[in-house]
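A.B. asks: Below is one structure. I have some questions about it.
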Amino acid sequence: MVGRVQPDRKQLPLVLLRLLCLLPTGLPVRSVDFNRGTDNITVRQGDTAILRCVVEDKNSKVAWLNRSGIIFAGHDKWSLDPRVELEKRHALEYSLRIQKVDVYDEGSYTCSVQTQHEPKTSQVYLIVQVPPKISNISSDVTVNEGSNVTLVCMANGRPEPVITWRHLTPLGREFEGEEEYLEILGITREQSGKYECKAANEVSSADVKQVKVTVNYPPTITESKSNEATTGRQASLKCEASAVPAPDFEWYRDDTRINSANGLEIKSTEGQSSLTVTNVTEEHYGNYTCVAANKLGVTNASLVLFSKYAKTEPDSMQVIEFLHIDLKSIRHPLKVNPIQK
């Protein structure tokens, strides 16, 4: 705040004398401002504010005051604040310059002028605007599906920032309002992802921060395909599941767990698993079970590896020859002599 400094005791009589000449008893600190009302000056935090005051003649005695006291009396600076100085572009100007304005500088400032005829005052109200700044936001959170979630986003600024929440999905659904809290009741897996908090006012660009919401849910088999195989060749069964955390996979046959050994190979990545038979034999045909599990649940799917029988070449030739003869007989019917009795 632009304040004042106590004068040296030795100089106190001289200072008091100056003030008595400059600020006569009963001087009103009100908005008569040379026939004008109070001026409002709006400045953004960190910028420089210039409070204008122009006198009628060089002999006028001038002072700047605010709610804290005297800032300048004539050319004598009473304020300790190094940001404050006089600005005189010409002989009749007695403006006040405040550098790096902050919120505590906001308020009423009075330019008091003592002329040869009567005292006058010019009052200026300094308004300090502050860009929006998010001061507190929820940390990333992990919850189970069906839980209630509350996200918090608090911001400072002048004017008061408007808070907007948005779920960062392809649809980009926004939750409009001046609410610092976003409540999600019975959250679903589709509502997981990043949530963006935006604090905005008219001073500058918005301040934006994000919160990541992870929703845990039990596994669900999304794809499982049976497969046909040929004896002596390689064949695979594949199983896919959706879950958070990512599921662990196991393979079974006839209630016996299968491991990667004896010509069988299991490969599992996040969300999918495969069982590969490197050299199919008759004993490999049959039913298999894919099991997907995480800390919230377990599910399974049944798959079948079945035989693919190839047709032999002679059989196909016989069919073709038969069809050829049959068609020929239709085109050229045989002539048969009647039986003699």
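Just so you know, glycine gets a Cβ as well, placed from its N, Cα and C.
Taken from Swiss-Prot, the feature disulfide bond applies to CYS53-CYS111, CYS153-CYS197, CYS239-CYS290. The domain 'Ig-like 1' annotation in Swiss-Prot covers 29-122. Under the heading domain 'Ig-like 2', Swiss-Prot lists 132-214. Swiss-Prot lists 219-304 with the feature domain 'Ig-like 3'. Residues or ranges marked as phosphotyrosine by Swiss-Prot: TYR94. Feature annotation from Swiss-Prot assigns signal peptide to 1-28.
Can you tell me where each of these features sits in this structure?
C.D. replies: Secondary structure from DSSP puts CYS53 (disulfide bond) in coil. Taking Cβ-Cβ distances under 8 Å and a sequence gap of 6 or more within the same chain, the neighbours of CYS53 (disulfide bond) are VAL62, TRP64, GLU93, TYR94, SER95, LEU96, CYS111, VAL113, SER122.
Annotation for CYS153 (disulfide bond): spatial neighbours ILE134, ASN136, ILE137, SER138, ILE163, TRP165, GLU180, LEU182, CYS197, ALA199, LYS209, VAL211, criterion Cβ-Cβ under 8 Å with sequence separation of six or more.
In three-state terms derived from DSSP, CYS239 (disulfide bond) belongs to an extended strand segment. Within its own chain, CYS239 (disulfide bond) has ILE221, GLU223, SER224, PHE249, GLN272, SER273, SER274, LEU275, CYS290, ALA292, ALA301, LEU303 as residues 6 or more apart in sequence whose C-beta sits under 8 angstroms from its own.
Helix, strand and coil residue tallies for the domain 'Ig-like 1' (29-122), in that order: 6 helix, 44 strand, 44 coil [DSSP].
Across the range of the domain 'Ig-like 3' (219-304), the DSSP-based residue counts are 3 helix, 58 strand, 25 coil.
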A.B. asks: Would you mind checking how many other C-beta atoms are within 10 angstroms of the C-beta on CYS197 (disulfide bond)?
C.D. replies: 24
A.B. asks: Taking the Cβ of CYS290 (disulfide bond) as the centre, how many other Cβ atoms fall within a 10 Å radius?
C.D. replies: 24
A.B. asks: Within 10 Å of the Cβ of CYS111 (disulfide bond), how many other Cβ atoms are there?
C.D. replies: 25
A.B. asks: Within 10 angstroms of the C-beta of TYR94 (phosphotyrosine), what count of other C-beta atoms is obtained when all protein chains are considered?
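C.D. replies: Here the count is 23.
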